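Engineer: Structure incoming, see below.
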Amino acid sequence: MTVFTPLVLVCAGGTGGHLFPAQSLAYALKARGIRVALATDARVDSIAGDFPAEEIVTIASATPSGRSMLRRAGAVLTLGRGFGQAARAVRRLNPAAVVGFGGYPTVPPMLAAQLLRVPTILHEQNAVMGRANGFLAKGAQVIATGFKEVRGVPEKATARRIHTGNPIRPSVLAVAETPYPALDEGSPLRLLVFGGSQGARVMSEIVPAAIEKLPQDLRARLHLVQQARPEDLTATQNRYLAMGLGGIEAAPFFKDLPGRMAAAHLVVARSGASTVSELAAIGRPAILVPLPGALDQDQAANAATLAQIGAALSIPQSAFTPDRLAAELVDLFEAPRKLTQAAAAAKTARILDAADRLATLVAETAAATS
């Protein structure tokens, strides 16, 4: 006798910011005996190996933005081709529900599911709803949010909004209860610097110049771990080697980033939704530099959720100078109580069972519309 087990199609853009929470949901669904397939774009190759999907469907995708009408028209044509691919995949997989985590690669499969009357659930990770999710929200049965307050949700969809939190990766949950590292006069100062899943050149430009400005006694205690883009790596390492730091490790990518976050006294980073949620989960203070230039300013809104409770400093990139960063580092490292208080404040914003909450929502939505 064949036992039917439902399948959920999870859709996410191919970068860590979208894939990490999608991955966390996938693990939670599989723990309930629900099969998972993933629809995404070609960028997924570098991080797809850890995704617990029985099938990965690559969908043609593009972002219809910019001033060039030709480029925008080309993007629309690409999305149209992706819609055809997605519609065939949805018919073949016959999912009980389709869950979208944002980014334009989610538009073709989510729209295909809505037109084929398959229940859809949106998850918005940021404190400002993205344009792709805003477009899809009208046809979704449920809109789950990572933050309690989210700007930009279409008015007609607000009644279907449920705050679940952002799903946290198992590797983060594994270190979430790590106590804040002891910090006293003369002890090592552990600073972690990273720029998100794709790195950030500004960190390689500003942070070394700021470290040079620190008093020598602080530099001697500083143990620095920094993510640097491959093209910046050698120059960044060489600058640090001349500073007399207590320790330095730089690399383009750290697979064990959650463990390094748990070991840090302070984190300097961008403020993507996953980063902000993981800082809260582990309880680590941060200096956050929101990605500039975004029309919706979503990273600034994300950073504000921690800054408003005293868990982080949010510095616009235009004000993120070596002098400003050096001054903030001296202020925090010379007053350890500020760091421990910020660490405790960060934990007040965490939702460790967000993946289970979202999995329950997905299962209930699929059952209610089957």
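Just so it is clear, glycine is given a Cβ too, placed from its N, Cα and C backbone atoms.
According to Swiss-Prot:
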BINDING   THR15, GLY16, GLY17, ASN126, ARG169, SER197, GLN299  UDP-N-acetyl-alpha-D-glucosamine binding site
Engineer: Give the number of CB atoms, excluding that of ARG169 (UDP-N-acetyl-alpha-D-glucosamine binding site) itself, located within 10 Å of its CB.
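Structural biologist: Cβ-Cβ neighbours of ARG169 (UDP-N-acetyl-alpha-D-glucosamine binding site) within 10 Å number 22.
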Engineer: Please work out the number of neighbouring Cβ atoms within 10 Å of the Cβ of GLN299 (UDP-N-acetyl-alpha-D-glucosamine binding site), leaving out its own Cβ.
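Structural biologist: Excluding its own Cβ, the number within 10 Å is 28.
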Engineer: Which chain-mates of ASN126 (UDP-N-acetyl-alpha-D-glucosamine binding site) that are at least 6 residues away have a CB under 8 A from its CB, listed by sequence?
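Structural biologist: Residues satisfying the criterion: GLY102, GLY146, PHE147, VAL150, ALA273, ASP296, ASP298, GLN299, ALA301, ASN302.
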Engineer: Please classify the secondary structure at ARG169 (UDP-N-acetyl-alpha-D-glucosamine binding site) using three-state DSSP.
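Structural biologist: It is coil.
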